[in-house]
Amino acid sequence: MKMYYDQDANLEVLQGKTIAVIGYGSQGHAQAQNLRDSGFHVVIGLRKGKSWTQAEKDGFEVYTVSDAVALADLVQILLPDERQAFVYKEEVEPNLKPGATLVFSHGFNIHYGQIVPSSEHDVIMVAPKSPGHLVRRTYEQGAGVPGLLAVYQDASGQAKEVALAYAKGIGCTRAGVIETTFKEETETDLFGEQAVLCGGVTELVKAGFDTLTDAGYQPEIAYFECLHELKLIVDLMYEGGLSYMRYSISDTAQYGDFMTGKRIITEETRKEMKKVLSEIQNGEFAKSWILENQVGRPVFNAINRKEQEHMIEQVGTKLREMMPFVKVKK
Ligand code: NDP
Ligand code: MG
Ligand code: MG
């Protein structure tokens, strides 16, 4: 594994070029402002709406997607993943300058063949490993968030240098950038969010909460044990790994951890994780998500509604409002 830092990147390869950032949401607003502060000429491509107003307020030249693409030497696609293929076909592809570079922050559409750029374009990925708001905030503080870079298509022979310059422009080389492939980034990102970070954790939290409340314990106590304290434990793991977390908890907690963990994440769970991974690798998950979007998200919306009604959500809303140190998010 090689880590790239500021000294490995040369901003000059992008000097005098116009960068179109398409989309001004979580990643778009952060990457566009960081690039501008790094001295690049940035224009924004959008449809009329909330983001358009915000981008103008932030002092950017805002155009329709078609017009922004037509101006650009480098086009960074920061639309929701499930809309990218459609907008690419309608507004990006017909207006791409010859030799323009396409940039992504997630590999889904390229890896699963939803966007197929012509071979004359460089296709690269620069993916901050962080939510957009931290991409902006850490940059303003003079630091950066780590990132990944990948080259999918190198028509110019300069694709990697351009990716490094872009990564430097958004601040990622201040923290360190690792090279990967579109395949590896896409498959590991989907697996991580499904099995561990989002799907795994939310089910674990709810299962623990339900077990305690079904047994008659107070929901407020169950909330603190199974959700609130999770952050404190994760912070310790983030700072010093599993060992540091275990050093910090009581020996009773550590003995319980050793005895019980494998009864919760069983051999069967690990077998299922392998199955989840294979469905990501063979495209089954991608197909199901693409089709779900094509029919207007009936399953997504139904589950989303039901999840919001879970008791842990009602209890949590009430408790967080009573905790002035928790920044309440609705
Ligand atoms: P958001 O949903 O936050 O923002 C999407 C933006 O696209 C909005 O500005 C929206 O504007 C605009 N948009 C939507 N549809 C259209 C359209 N048809 N035409 C023009 N503009 C449109 O997306 P994210 O920033 O979360 O994601 C962007 C990319 O970054 C994705 O590939 C994602 O995987 C990747 N990524 C995201 C991370 C994150 O932290 N969120 C982390 C790493 C990668 P409007 O106001 O008009 O709806
Ligand atoms: Mg993801
Ligand atoms: Mg405890």
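Cβ from N, Cα, C; glycine included.
As the structure is a computational prediction, the values presented were derived from the model and not from experiment.
According to TrEMBL, the residue from G99, G107, G113, G132 that belongs to the NADP(+) site alongside Y24, G25, S26, Q27, R47, S51 is G132.
With a CB cut-off of under 6 A applied against ligand 2, none of the binding-site residues R47, S51, E229, S250 are retained. Sorted by the number of other CB atoms within 10 A, the recorded positions R47, H106 start with R47, the lowest. Note: the Cα of S51 (NADP(+) binding site) and the Cα of H106 (active site) are spaced 20 Å from each other. In the structure as shown, the Cβ atom of S250 (substrate binding site) sits within 10 Å of 9 other Cβ atoms.
Checked against ligand 1, the binding-site residues Q27, E193, E229 give Q27 in sequence order as having a Cβ less than 6 Å away from one of its atoms.
Each residue of the domain 'KARI C-terminal knotted' (181-326) gets a DSSP state, and the totals for helix, strand and coil are 124 helix, 0 strand, 22 coil. Note: the Cα of D189 (Mg(2+) 1 binding site) and the Cα of G132 (NADP(+) binding site) are spaced 16 Å from each other.
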